[in-house]
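Listed features, source TrEMBL:
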- 262-427: domain 'Hflx-type G' (DOMAIN)
- 268-275, 293-297, 315-318, 381-384, 405-407: GTP binding site (BINDING)
- SER275, THR295: Mg(2+) binding site (BINDING)
Amino acid sequence: MTSAAHHSPHPAKADALMDDAHADLGVDAEADGRRLDRAALRRVAGLSTERADVTEVEYRQVRLERVVLVGVWTSGTADEAERSLAELAALAETAGAVVLDGVIQRRDRPDPATYIGSGKARELRDIVQEVGADTVICDGELSPAQLVRLEEVVDAKVVDRTALILDIFAQHATSREGKAQVALAQMQYMLPRLRGWGQSLSRQMGGGAGGGGMATRGPGETKIETDRRRIHERMARLRREIAEMKSGRELKRRDRRRNSVPSVAIAGYTNAGKSSLLNRLTGASVLVQNALFATLDPTVRRATTPSGRSYTITDTVGFVRHLPHHLVEAFRSTLEEVAEADLLLHVVDGAHPAPLEQLASVRAVIRDVDAAGVPELVVINKADAATPAALAALAEAEPHHVVVSARTGQGIDTLRQLLEAALPHREVQVDVLIPYVAGSLVARVHADGDVLAEEHTADGTLLRARVAPDLAAELSAYART
Ligand SMILES: Nc1nc2c(ncn2[C@@H]2O[C@H](COP(=O)(O)OP(=O)(O)OP(=O)(O)O)[C@@H](O)[C@H]2O)c(=O)[nH]1
Ligand SMILES: [Mg+2]
């Protein structure tokens with residue numbers, strides 16, 4: 001991460017920045033101040049968009065923490081287990097945490113009470129004290145009860161992989177839609193965890209669940225019920241907002257479809273080089289970072305094939321193993337871009353130690369958003385950094401592939417040709433003579449159609465092109481007989 005906000009030594013400052021980022025979700029200033037006070041007292045940041053409402057709940061952020069990682073290795077090789085923890089470390093660092101140590105326990109399944117065995121949990125407490133960590137991050141999704149129990153044993157804040165990913169998404173979301181989607185996913189994650197955290201918090205505060213007690217409670221309603229009701233209301237509001245924003249995007253998409261501009265979607269594991277590839281193909285300058293989930297909001301760009309056909313290309317959010325289900329749900333409308341594409345460029349990092357696992361996890365999400373029917377071209381990226389043996393193995397496993405380097409440009413011409421061949425063709429061929437006064441039509445044919453021949457004559461522009469039916473109808477006035 002490069003942003004200073006994530007390394008700020010002052011939690012309160014980072015909090016303030018966070019609040020800025022969420023300002024457009026509508027929080028009034030007074031509540032804002034209250035919320036900051038409270039956050040300062042408890043030394044925990046509350047639920048980012050909703051702290052004014054939910055007094056007894058903290059949404060656990062990972063940034064700025066000194067962390068120890070812990071994984072339960074249930075199946076697969078030792079290598080796989082270690083890679084999983086290494087990925088968790090990369091995620092933690094992306095979130096702004098400093099990773100001090102990591103431990104793995106071999107078990108048939110996670111302990112139902114404390115995730116790792118209770119003996120190991122006590123060892124973990126010693127490690128946490130020894131290295132001076134304040135947070136433990138578990139490489140899995142823990143039940144609310146497991147979180148609370150483990151926290152009691154290790155005597156430090158415990159966060160699971162799902163919360164960590166949600167936190168990264170919350171930091172990276174920039175568009176209104178992206179922020180709303182993340183906030184919704186966070187609330188879904190939090191809802192079943194309210195009771196556990198409420199209890200542990202009230203204990204920390206010396207008992208009495210009414211501690212902060214600012215919520216207006218209905219008669220006979222407990223604090224937890226009030227919180228739950230408010231979160232439900234808030235979620236309903238977010239769902240409405242997301243649905244509205246989605247319809248705006250759908251209009252644009254319908255417009256593109258009416259002109260039958262073919263669309264290409266780039267998908268792939270996080271950090272595979274999707275944005276780099278988009279930049280290479282279109283000359284765009286989408287943010288490229290050696291960080292996970294650098295891109296959250298889909299970017300749509302216009303591009304042209306070698307023969308001049310135009311298409312749109314979309315960069316999407318990266319995928320990761322065990323992407324929290326709530327996030328997939330919340331981002332469903334964004335991911336629908338992938339489902340509607342004419343072609344999917346599935347980018348995979350050829351220099352990664354386990355590219356096949358990454359391909360498989362991305363495909364799981366693609367199936368989940370009903371995009372499995374979209375034709376897929378596997379783009380093996382980072383050829384400059386991968387060994388020939390690794391590239392050969394990948395190529396054999398994925399027959400329909402192209403090897404490229406977004407960094408050096410190697411293979412990009414081949415990719416462009418394959419891409420062109422894979423795009424669907426327009427239905428209608430036209431032969432027209434467009435007078436110069438109607439020059440904007442010529443521009444539209446260039447933008448939305450495939451120009452086969454063009455000649456400038458004294459009477460206007462002679463065009464032979466393939467276009468969508470709508471445009472063909474508009475052009476019919478100039479048809480040559
Ligand atoms: N060596 C090498 N590095 C590359 C190549 N393409 C991308 N990278 C690097 O890989 C890292 C990730 O690149 P991005 O384009 O941000 O990857 P992304 O898939 O968009 O990542 P997210 O948006 O975070 O999911 C950056 O450090 C890039 O410089 C390549 O062809 N070769
Ligand atoms: Mg990206």
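From the backbone N, Cα and C atoms, a Cβ is placed for every residue, glycine too.
Neighbour density at the Cβ, taken as the number of other Cβ atoms within 10 Å, is lowest among the binding-site residues LYS274, LYS382 for LYS382. Proximity of the binding-site residues GLY268, LYS274, SER275, LYS382, SER405 to ligand 2, judged by a Cβ distance under 6 angstroms to any of its atoms, singles out LYS274, SER275 in sequence order.
There are 25 other CB atoms within 10 A of the CB of GLY268 (GTP binding site), with all protein chains counted.
Counting only the Cα atoms, the space from SER275 (Mg(2+) binding site) to VAL317 (GTP binding site) is about 10 angstrom. Annotation note: GLY268 (GTP binding site) sits in a strand segment as assigned by DSSP. Neighbour density for ASN271 (GTP binding site): within 10 A of its CB lie 23 other CB atoms from the protein chains shown. Within 10 Å of the C-beta atom of VAL317 (GTP binding site) sit 26 other C-beta atoms, taking all shown protein chains into account. Summed and averaged per residue, pLDDT over the domain 'Hflx-type G' (262-427) gives 85.
Just so you know, the Cβ of SER405 (GTP binding site) picks up 22 other Cβ atoms within 10 Å once every protein chain is counted.
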